[in-house]
Amino acid sequence: MLLFAMGFLLVILQPSMGQFPRVCANTQSLLSKECCPPWDGDGSPCGELSRRGSCQNILLSQAPLGPQFPFSGVDDREDWPSVFYNRTCRCEGNFMGFNCGECKFGFSGLNCTERQLRTRRNIFQLTTNEKNKFLAYLNLAKSIPSQDYVIATGTYIQMNNGSNPMFRDINVYDLFVWMHYYASRDTLLGGSNVWRDIDFAHEAPGFLPWHRAFLLMWERQIQKITGDENFTIPYWDWRDAEDCGVCTDEYMGGRHPTNPNLLSLASIFSSWQVICTRSEEYNSQQALCNATGEGPIRRNPGNNDKSRTPRLPSSADVEFCLSLTQYESGSMDRMANYSFRNTLEGFADPQTAISNPSQSGLHNALHIYMNGSMSQVQGSANDPIFVIHHAFVDSIFERWLRRHRPMLEVYPAANAPIGHNRENYMVPFIPLYRNGEFFKSSRELGYDYEYLQEPAVQSFQDFLTPYLQQARQIWAWLVGAAVVGGIITAVLTGLVKACRKEKRGTSSEIQPLLIEGEDYNNITYQSNF
């Protein structure tokens, strides 16, 4: 009870992040298309008086998109968030938030100048108290209403272009379930028509950065409603698992004794109601999910279609995936070959990296294996296993970033599916984040993984790998340069000796070859390698 009261008070007093800020979910803001709330610290929009930020026009990417979505002007998520707002807070320095009232990920302190680094840990290595606290935090998030955010229950057209706002309250946990649904829902085309080949969070380059941002926001929300600033999401390392080790009442809920599709009544999650799972119903009604409860969590791990997902992912699958040097390739969707992203997401074979959407590997394999609420994309975040599963997927992404050390330019700037170009804003986040902002090491964002800190030898190998790959590519040039350098060195050495013989009586103040020798050494140590 004390934990609930403390959390309720904290969520009232502190700003958060997610979908539509409550202070902007009104007729005035929608008609003016401006969402620049005041910061409580000085009362000015975006904390402008304290130089935290200012209200600015949104700068949208003009880069061309891929051919997967052949429409324009039919979906509220196009050029996010311009259908709803075209002016928002642009924060300065290390400030962040819809009103610039928070610190960027990885920073803390009154002026957001203090660096921080938290560690995400293996859920099986938590103490009993730590594990029970994590479960209690999840349950708390399911019961506390979000004070700063609301969800849209209608499209912009259904809101009469902003003059009839359609929003409703939602609890903190379900806010994130709804955001995951909203990013991946079908496009409503009118009548009974929909377009299914669209997803702002999956099946394209933004899959990994989007979920990285999603987890960071979710993690921060838990920190706020509990007052536990050191909280981090635990991860479930499912490599080589023979069954669902977290599917017990001690962890994420065991199997119901008489109905294998439900959770054990001994689990706190057995009483949870799912939302946003009836996509066909929403499509037929041309409606959005309104977060009404739709029944209990469903899960029947291991009783899935074995022809599609014969087993859980292995260590070998993960290692092969990490060896892929291209982040993205080809069509940059679920048909991409030799793409690290597509292989990790699970649309490409984890042993060949050739696209095979009829099979589910790595990330997708876990969703299918759970055989329930986790197995449907739009409603998959209803099952709390979603969070610890995606934390481990994010750790694999982090390993790839550390091994290959890609420049930001490796992330596609153009021709990706809608919403997935580097400079596109992620749907449906406000404050705004671009895909490219999360294509960086987790340490820059203020967190690390416990198992990535321990094996120093492996970390050294990951550090050397990109340089060794470059060396292989320019090996012939290096050998040639060494031969030429050796010849030049021999010639110059001969000249030095000859000059010394001829000028033994010369004053010691005249020593031109010594200076030339120093310059030569400086030149030879310059190398593109």
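Using the three backbone atoms N, Cα and C, a Cβ is placed for every residue, glycine included.
In terms of DSSP helix, strand and coil, the domain 'Tyrosinase copper-binding' (202-219) has 13 helix, 0 strand, 5 coil. The domain 'Tyrosinase copper-binding' annotation in TrEMBL covers 202-219 (among others).
Same-chain residues lying 6 or more positions outside the domain 'Tyrosinase copper-binding' (383-394) and placing a CB less than 8 Å from one of its CB atoms are 120, 123, 138, 208, 211-212, 214-215, 218, 233-238, 246-247, 252, 269, 297, 299, 344, 362-363, 366-367, 370, 372-374, 442. Here TrEMBL flags 383-394 (among others) as domain 'Tyrosinase copper-binding'.
Sequence-distant contacts of the region 'Disordered' (291-313) (same chain, six or more residues past either end, CB-CB distance under 8 Å): 151, 153, 168, 170, 174, 178, 238-244, 247, 253, 255, 260-263, 269-278, 350, 358-362, 364-366, 368-375, 382-383, 385. Taken from TrEMBL, the feature region 'Disordered' applies to 291-313.
The signal peptide annotation in TrEMBL covers 1-18.
Taken from TrEMBL, the feature transmembrane segment applies to 474-496.
Beyond the domain 'Tyrosinase copper-binding' (202-219), the same-chain residues lying 6 or more positions past its ends with a Cβ under 8 Å from any Cβ of the stretch are 17-18, 105, 176, 179-180, 183-184, 231-233, 327-328, 332-334, 341, 344-345, 347, 377, 387, 390-391, 393-394, 397, 411-412, 416-417, 419-421, 424, 426, 429, 433, 435-439, 442, 445, 447. Per-residue confidence over the domain 'Tyrosinase copper-binding' (202-219) averages 98 (mean pLDDT, predicted model).
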